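Now, the feature entries from Swiss-Prot:
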| type | residues | note |
| --- | --- | --- |
| BINDING | Arg24, Glu81, Lys120, Lys456 | (6S)-5-formyl-5,6,7,8-tetrahydrofolate binding site |
| BINDING | Asn226, Thr245, Ile247, Thr250 | K(+) binding site |
| BINDING | 226-231, 245-251, 270-273, 335-338 | GTP binding site |
| BINDING | Ser230, Thr251 | Mg(2+) binding site |
| DOMAIN | 216-379 | domain 'TrmE-type G' |
Amino acid sequence: MNVPRETIAAIATAQGRGGVGIVRISGPLAGAAAKAISGRELKPRFAHYGPFLSEQEEVLDEGIVLYFPGPNSFTGEDVLELQGHGGPIVLDMLLQRCLELGCRLARPGEFSERAFLNDKLDLAQAEAIADLIEASSAQAARNALRSLQGAFSQRVYNLTEQLIALRIYVEAAIDFPEEEIDFLADGHVLSMLDAVRDELSTVLREAGQGALLRDGMTVVIAGRPNAGKSSLLNALAGREAAIVTDIAGTTRDILREHIHIDGMPLHVVDTAGLRDTEDQVEKIGVERALKAISEADRVLLVVDATAAEAADPFALWPEFLEQRPDPAKVTLIRNKADLTGEPIALETCDDGHVTISLSAMAAGSGLELLRDHLKACMGYEQTSESSFSARRRHLEALHYASAALEHGRAQLTLAGAGELLAEDLRQAQQSLGEITGAFSSDDLLGRIFSSFCIGK
């Protein structure tokens, strides 16, 4: 790749005061800067303690200097790290010294960008650095570290290799028709294609779990008026985020609350009560509620356990089932269990949905059970070696690849169109390449790395 030859410098530690502060340099001038600032020749990859010198050989600070000649460094270039005292004035003096020696200020994420351009890490690994820094829970940090170590990338590479093998077989049959390979009669292409589709489906599911841990899960609270939806929102938020009254229809619009459960981000959405109404404002609220339900990662369907309709809550509002057809993403909340006397409990039903009996208004009434359930939905304390962090753009690329394979399979089985299958396989491979950076536009790379910290 065409890697810039300018030497860059930046403060690599967070703003503010601390015991230690780091200034990082990368580029062809790093070796000369190391000698000028330390006043001596440095042994590569060894820590040297001593003064940091100005142009007039005045002592700016003292600390540890480390020199890593390329390509055996983080960026693949010559890298210098100055580890001094963590005061902002001291660090700024060291940074100014680097600029005097011919360095320029690094852009946000430029060190990681150079590591990517020098094939020291792929794009998914580079993004994992930022995810590890921004992790809001121990599980999110573990997943980000696994992605940084290449767990996610390896899954994508394995899929890509399978696609390449399949493309070779398909395109050989197209280019050499005299070999008379019959796609359908042979059965080999279909079996290979189905194997790739199955593996892609598994990776997509695991990536979705990783994205929930990174970006947060959108939880929509839905149900009839006066079922206790707003009370449940307040209980989860730990404050009076929503107005609670005995008057049906108090909540008429979407109310959003961002909360954390053991460091795990949740975007909780309270919605208008689901009912037929002639009130135009409330009707708009119901429409927005149904839209929120269709977009949710998880739906908490709240029912009043004291009401007769609680016996079959899903039958009360067929539009709900139309918007959220997957029962595995629905948690039925039987609220007001303290009034019915039913035990606080969680039950997984035959169709896949979960039922929790609790009371949103009573202390110690099952809310901890609900919190644990929501954490489990996000993959909290997941010990699987397959867990990794992922981003929304990764999911989009995986979905696009999956759609291309589905389309290619249909073209093959319905029309025997090997040429169309070959094009779909190419598109699927390109989508996977966008995850690791094998196929990425300059605009995409710029957007990704500009979101990083300066010095990373």
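Cβ from N, Cα, C; glycine included.
Between the CA atoms of Asn226 (K(+) binding site) and Ala272 (GTP binding site) there is a gap of 10 Å. When the alpha carbons of Glu81 ((6S)-5-formyl-5,6,7,8-tetrahydrofolate binding site) and Lys336 (GTP binding site) are compared, the span between them is 60 angstrom.
All protein chains considered, the CB of Asn226 (K(+) binding site) has 20 other CB atoms within 10 Å. The most densely surrounded of the binding-site residues Arg24, Lys120, Lys229, Lys336 is Lys229 (count of other Cβ atoms within 10 A of its Cβ).
Lys336 (GTP binding site) and Ser230 (Mg(2+) binding site) are 13 Å apart (CA-CA, integer value). Lys120 ((6S)-5-formyl-5,6,7,8-tetrahydrofolate binding site) sits 50 Å from Lys229 (GTP binding site), taking the Cα positions as reference. Residue environment of Ala272 (GTP binding site) contains 27 other Cβ atoms, counted within 10 Å of its Cβ in all protein chains. Taken together, the residues in the domain 'TrmE-type G' (216-379) have a mean pLDDT of 77 on the 0 to 100 scale. Cα spacing between Lys229 (GTP binding site) and Arg24 ((6S)-5-formyl-5,6,7,8-tetrahydrofolate binding site): 51 Å, rounded to the nearest whole number. Taken residue by residue with DSSP, Ser230 (Mg(2+) binding site) is part of a helix.
With respect to their backbone Cα atoms, Lys336 (GTP binding site) and Arg24 ((6S)-5-formyl-5,6,7,8-tetrahydrofolate binding site) stand 58 Å from each other.
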